[in-house]
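Report on one structure; see the data block that follows.
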There are 2 protein chains.
Amino acid sequence: MQQRQMNLGAFFLIPGHHLGGWRHPEASAEKVLSFDFMKELAQTAERGKFDMIFIGDELKGAGNSEIGRHLARYTSFEPTTLLSALSTVTEKIGLAATLSTTFNEPFHVARKLASIDHLSGGRVGWNVVTSSMSAEAHNFGQGNLMLHEERYLRAAEFMEVVKGLWDTYEDDALVIDKKTGIFSDADKIQPLDYQGKWFSVKGPLNIARPPQGYPVMIQAGTSEAGRELAARSAEAVFAACHTFEEAREYYSDMKGRLAKYGRSPEEFKIMPGVYPIVGRTEEEANEKEALMNELVLPKLGVAFLSGLTGIDLSGYSIDDPFPGIFPDSSNNNGIKSRIEVMKGISGRENLTIRQFYEKIAGARGHWSIKGSPSQIADQLEYWFREGAADGFNVMPPYLPGGLNDFVDLVIPELQQRGLFRTEYTGRTLREHLGLSRPENQRVQAVSRVTE
Amino acid sequence: MQQRQMNLGAFFLIPGHHLGGWRHPEASAEKVLSFDFMKELAQTAERGKFDMIFIGDELKGAGNSEIGRHLARYTSFEPTTLLSALSTVTEKIGLAATLSTTFNEPFHVARKLASIDHLSGGRVGWNVVTSSMSAEAHNFGQGNLMLHEERYLRAAEFMEVVKGLWDTYEDDALVIDKKTGIFSDADKIQPLDYQGKWFSVKGPLNIARPPQGYPVMIQAGTSEAGRELAARSAEAVFAACHTFEEAREYYSDMKGRLAKYGRSPEEFKIMPGVYPIVGRTEEEANEKEALMNELVLPKLGVAFLSGLTGIDLSGYSIDDPFPGIFPDSSNNNGIKSRIEVMKGISGRENLTIRQFYEKIAGARGHWSIKGSPSQIADQLEYWFREGAADGFNVMPPYLPGGLNDFVDLVIPELQQRGLFRTEYTGRTLREHLGLSRPENQRVQAVSRVTE
């Protein structure tokens, strides 16, 4: 029997996850809105046999002008349009887009994802997020961000509607018989007639069922509500775990929650984020890290840390100890889990303000690793073998350099150990991830009634 | 001085505008969800030097199962994802997507169109529609379609917000100076802070101003409200005119409305839809038409006519005279103009039910022409020279055959007459259409205040 292998996502934040990454000599910051650059990145990830490209998203522009001027991330392609374009210049790699359930309509989301799944021959994933910032609500006519609990209830209903819309077409609904003039079998295309708390959607959808049945459902939440939603409906999770212990706890907790929804552990892939600094040697990796730390302007680092922790740091010197008194996070309506991770770091380590922001300037609370290719592979292998991960969502510090390093140095090491594929064996993202193709639930329900 | 030339759009309704077009031997109906087929069509249109590909849209699936089974148009790619993909396999041709202002959010629309404009190097057009069917409302939690007048008021505000969002970035807002760490000039990225009747949107957008400033604004309305909205804010209109007289009246009326908005006639391109049946000879064109008429199942033809006219035809025989008693269209909340066109046809010609549906089965109320390449060119030239059109939106009966015919037979004839370009001279859709690049209105307003 073949050895169990990792699944890997290439998480693109253009032009890099590190706050100062865009300033790195091997970052193409000036190409942030160049399709040719996106194509180069996608083809590099495909050369590395990644399961998927993963695109995060926020529905807001640069908020604070003093800090905003130093941040590269507030001008970027919109995920569904970008992935549609990338589908034409890649052949096998999956394409995962982040789309918010708080600020979208299920009909649009179902249709667009189905459209890209058809364009790409079944390579789409949907990273389902509820959005966490008031600034996002303000772009959609909402004075306040909907409450955390409400957002998760809406997300659950949203996903139900979207899956229902995909199921309005049976897989073999299209007949396309020129002779008889029958284009589709009308009995196999049915309205949804959904009436819920948040949504009322008649259907049917105006595109055939996606090649994958449903695009792969991905989530990232680690709050209690987020975990339950993921256990119920996600097929891959991209969690922020800062330490092995956190990751193992999360892994075991999540796999344990599946049974009550009638799901098996194999149908649920846990892929924590990992932020790797890769050198040809350990020394080179250390040098890279030092260079990146230099690239973060102190005022940017302090503002970033303040934003992630919710602590006002304006009265402190940068080399003062980090004041670990967090505001009450039960009142926080944003990403609850991120604050918990920050508390964890603060509690475990005695850091100055500068040391703290340097620690999170790339990984933002995700797992951060550094070293030679074999040292990186050792750390990934440990998490993978010891019950903390089924794979990883790789967050390159800067692009294209950080991705090239991972593909050219780390992937061959993982392949040599038998931990990662050397060729794609499947054609769809589901096949890459080892997930089965979902049955049409509407048809299943009808056949249960008829039996 | 160079002779005035036509602008041409290639209006793709996959796999053809004619009701029975998908059954034609030269239609690739089985490829309705094949990207390779879309690529072939787009590249053919670009070979023909069309100004743009134009994709219509409805936000609903097949409604009536008995009729729906014969219709090809209810399973298709979603426009923004399709055009994003096509941007990568074309170089010059414009890409116009239909997006509804009734069932979308301005932030999403502004962002997606900007994203495709960046992906394509400035080739995007937005066909602004208000949507006209209750079945669309039912997919978005609305029991009834918003009233015609309200839809147009909302559309006007929607466009204002979208343009405002594009203007939140000045053209030179991105600095990207690795040395100083300044990515963007914060003074050149400002919130929108829009508060209106329909929308409240803070901004800024999260993508730089589109290469074209604004994607080209296209509309199709011919009702009074539609005409005013177009005169105020559209740069190209795609109108349904069945006869030369209608078209000339429309042309003259629309060009006349521009002055009160401070606009010049050159900044407003009138491109009526035209449905061409092209043969190498007149005889061949007649044969093609006869074949297409045979391909319409009578029950489909009757249902289609009934739908477009609002008249119940169930009590009639197919060869009975068409009963020209229309319902009161002032109560109609859908496409008002379409009903008027149908009344016009009914009033001018004594048609049986069969003859009527055969007449509109392809053009759906648009201008229908037929003949050899020189006959087709004569008719287009007449409208173009006699004050009825600046160009045309070409509606091929079936795809790819009908598009190939137009590109291989008609375009060379137009080129020979000096009526159409032989090479692209511009790079953006604006340049193809001879439209200037809009200034940033926010900056303009600020400089007016400062003066």
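Note that Cβ sites are derived from N, Cα and C of the backbone, with glycine treated the same way.
Unlike curated records, TrEMBL annotations are generated automatically.
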Worksheet item: In TrEMBL, the residues A:Asp57, A:His148, A:Tyr152, A:Ser223 are said to bind FMN. Which of A:Thr88, A:Thr90, A:Thr98 is said to bind at that same site?
Response: A:Thr98
Worksheet entry | Proximal but sequence-remote residues of the same chain as A:Tyr152 (FMN binding site) (Cβ under 8 Å, at least 6 apart) | A:Thr130, A:Gly221, A:Ala225, A:Gly226, A:Glu228, A:Leu229
Discussion item. Going by DSSP, is A:Asp57 (FMN binding site) sitting in a helix, a strand, or coil?
Written reply: coil
Worksheet, complete the sentence: Looking only at the domain 'Luciferase-like' (A:23-289), mean pLDDT returns 95
Practice prompt. Count the other Cβ atoms sitting within 10 Å of the Cβ of A:Ser223 (FMN binding site), across every protein chain shown.
Written response: 17
